[in-house]
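For Gly197, Ile217, Leu226, the entry in Swiss-Prot reads S-adenosyl-L-methionine binding site.
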Amino acid sequence: MTHSQYIFGFHAITSRLRQHPDSIKEIYLDTNRHDQRARDLMSLAETTSTRLILCEQDRLCKMTGTTRHQGVAAHVTKLRRYATLEDLLEGLTEPALLLVLDGVKDPHNLGACLRVADAFGVHAVVVPKDRAVGLSATVHKVASGAVDTVPFFAVTNLARTLRELKEMGLWIVGTAADAPDTLDSVTLTRPLAWVLGAEDGGMRRLTREACDLLVSIPMSGSIESLNVSVSAGICLFETFRQHSQRTGSGLNVPAPKNAV
């Protein structure tokens, strides 16, 4: 099992430098980058005593497997902040909020879901080990640093994990277009895990059966379904909104800032 990987893109690498500089083995920067972003990255690398190597575009393409690396890549060790979900949940001082993704295969969707999870104070994102994308370099880039702030768990048996979460006191709520209950009709202030299905077929049968409740997202247009990251954003915002109304503040979310 490999414990290191390459990530790319200025947002992803800058976030890793600020959050976990010790996890970076070295940074590779396009020798032709002389702009402000490159200079800022070089300065931050120097401040954190991180090795930075100037190299050619071809080398960056081979490292990352893409031409869309923005001229920068980093060789990093994988982060591991909690041994188990149970460890994470036991340390919480507020109602747990998890995002469970069943079989999401598109790295852009997973990256966007992680970014949304960070925005609304999700305590962890959970995925199955098989038939789902992992934390690839593309996921790091799309997530814009959220990989470094949101704990991520890949589990062997998702349905069993959901049952274990129930035993730990979480309410398991899934989304389904045919669900009779709508998102805006449900109280979401208790500890819960949102479960969203894959881009093509939605939740698998055993995952769906493990849910305590299924809800649909009210829509008035002609499109029958939404991108999984859009659905995640809507569900998590409604959860955050209800927590804010109940307590005067949301979950563990930083002060509001302009969206990018």
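Along the chain as shown, residues are numbered 1 onward.
Just so it is clear, glycine is given a Cβ too, placed from its N, Cα and C backbone atoms.
This view paints the features noted in Swiss-Prot onto the structure.
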residue: Gly197; record: S-adenosyl-L-methionine binding site; DSSP class: strand
residue: Ile217; record: S-adenosyl-L-methionine binding site; DSSP class: coil
residue: Leu226; record: S-adenosyl-L-methionine binding site; DSSP class: coil
Taking the mean position of the Cβ atoms of Gly197, Ile217, Leu226 as the S-adenosyl-L-methionine site, which residues outside that list, in the same chain, have a Cβ no more than 8 Å away, listed in sequence order?
Thr175, Ala177, Leu196, Ser225, Val228, Val230, Ser231, Ile234
If you count Cβ atoms within 10 Å of the Cβ of Gly197 (S-adenosyl-L-methionine binding site), leaving out that atom itself, what do you get?
22
